[in-house]
Amino acid sequence: ARDGYIANDRNCVYTCALNPYCDSECKKNGADSGYCQWFGRFGNACWCKNLPDKVPIRIPGECRG
């Protein structure tokens, strides 16, 4: 498991405004918790703590959304 910006299968982050949304999305995918990182590298995006390795995180390269 690792911490990171949770991403969909197109390498796009989950855009957010509120922490509860991210906490819920992260936990739904097996993470311990999550929050909305404002004005981060990818704008306002969900950051997950201890996300299982099988769940994609944002990697270098384009968001293909």
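Heads up, residue numbers simply count up from 1 along the chain you see.
Using N, Cα and C of the backbone, Cβ positions are placed for all residues, glycine too.
For 2-64, the entry in Swiss-Prot reads domain 'LCN-type CS-alpha/beta', with the evidence type sequence analysis. Break the domain 'LCN-type CS-alpha/beta' (2-64) down by DSSP state and the numbers are 10 helix, 26 strand, 27 coil.
As annotated by Swiss-Prot, disulfide bond applies to Cys12-Cys63 (among others), with the evidence given as similarity to another entry. There are 17 other CB atoms within 10 A of the CB of Cys12 (disulfide bond), with all protein chains counted.
Positions annotated as disulfide bond by Swiss-Prot: Cys16-Cys36 (among others). Counting Cβ atoms from all protein chains shown, Cys36 (disulfide bond) has 20 others lying within 10 Å of its own Cβ.
Marked as disulfide bond by Swiss-Prot on the basis of similarity to another entry: Cys22-Cys46 (among others). For Cys46 (disulfide bond), the same-chain residues 6+ apart in sequence whose C-beta sits under 8 angstroms from its C-beta are Tyr5, Ile6, Val13, Tyr14, Cys16, Tyr21, Cys22, Glu25, Cys26, Gly34, Tyr35, Cys36, Gln37.
Remark: Cys48 (disulfide bond) has Asp3, Gly4, Tyr5, Ile6, Cys22, Glu25, Cys26, Asn29, Ala31, Ser33, Gly34, Val55, Ile57 as non-local neighbours, by Cβ distance under 8 Å and separation of at least 6 in sequence. The disulfide bond annotation in Swiss-Prot covers Cys26-Cys48 (among others) and rests on similarity to another entry.
Under the heading arginine amide, Swiss-Prot lists Arg64, citing a curator's inference as support.
Neighbour density at the Cβ, taken as the number of other Cβ atoms within 10 Å, is lowest among the disulfide-bonded residues Cys16, Cys22, Cys26, Cys63 for Cys63.
Its Cβ taken as reference, Arg64 (arginine amide) is surrounded by 9 other Cβ atoms within 10 Å in the chains shown. Distance from the CA of Arg64 (arginine amide) to the CA of Cys12 (disulfide bond) is 7 Å.
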